[in-house]
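For 1-17, the entry in Swiss-Prot reads compositional bias 'Basic and acidic residues'. Residues annotated as disulfide bond in Swiss-Prot: Cys262-Cys264, Cys295-Cys298. The region 'Disordered' annotation in Swiss-Prot covers 1-27.
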Amino acid sequence: MTDASGSERLKRTKDISESTPPSSLPDHLIRATAAEGKIRVVGLVSTQAVQEARERHKLSYVATVALGRAMSAALLLAANLKRRQARINLQLKGNGPLGGIYVDAGMDGTVRGYVSNPAIELPLTPESKLDVGQAVGRYGYLHVLRDLGYGQPYTSAVELVSGEVGDDISYYLSSSEQIPSAVLLGVNLDSQRVRAAGGVLMQLMPGAPASLIPEMEARLAKVEEFSPMLAYGGGLRELLQICLGDLDLKIAPEVRTIRFYCQCNSDRVKGALRMLGRDELIDMIRTDKGAEAVCQFCNEVYRISEDELRSIVAEMSANP
């Protein structure tokens, strides 16, 4: 399920921007249970993380919404991992012009991501929405890699359902992990900034009656205006109260910080250069007078000077 509101309606987001400031809520994640513990809930605000991705990659409107949804989805999945160093990798590879969507998120609340064609823009749908499904493509696969921190990651894949991201994540959870789930993802933006972004994941606990599945979906439908509500200043707790307040909602006190973060650094780039071999580095010194590398996940540019390359070659010669 995806936010069917102003998050994809450009006219409406402009109207909102004239009367209200963007959400000032810091990015965070909370957990809860409902229906006497039979439903587990994760909710998050990812506004600043998505805005940073938009700025770093110079994303178009539709690319911002697509990547923003995927970033929130990966964070929701990572929230249920057990070890702090555990991570989730999402890859959505459809037949649309956006190309692939790649996201890496950790149980620690860090997230990064990129799309293959960040500048792509498409006409709005007849309902004046950004056409994320058309941009991603309705034919292709969602790949989910889970690294639980034990050195043996495992991957599963399902066919895309709609390319809208939320539907595809729900289908993955129900078919691959066999956990009945309802997912709501939203990104609200205007020409200047991401006004609000986030998501909610509801899942049945083991042993819970199947009759709660339509109940979960109906409850999430109450907050289809999810991202505009965040843009207006509503908090996650208030939003969860709207859809689950009368169903024995219990919100955990822990609040986890969410942030865009990439592990790349100059030392890693130099390590990758060493893998090219001494002869290749000598050729770089002669022809390019240095080296340049760009991290795909965060678009950070690393420039390695000629002197630094010579130092690397000298180290390799001294320690063959």
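Backbone N, Cα and C define each Cβ position, glycine as well.
Other Cβ atoms within 10 Å of the Cβ of Cys298 (disulfide bond) number 19 in total over all chains. Taking the Cα atom of each, Cys298 (disulfide bond) and Cys264 (disulfide bond) are about 8 angstrom apart. Geometry remark: Cys262 (disulfide bond) versus Cys295 (disulfide bond), CA distance 9 Å. Its Cβ taken as reference, Cys295 (disulfide bond) is surrounded by 18 other Cβ atoms within 10 Å in the chains shown.
DSSP classifies Cys295 (disulfide bond) as coil under the three-state reduction.
Geometry remark: Cys264 (disulfide bond) versus Cys295 (disulfide bond), CA distance 7 Å. Counting every protein chain shown, the Cβ of Cys262 (disulfide bond) has 17 other Cβ atoms within 10 Å. Taking the Cβ of Cys264 (disulfide bond) as centre and 10 Å as the limit, one finds 17 other Cβ atoms among all the protein chains shown.
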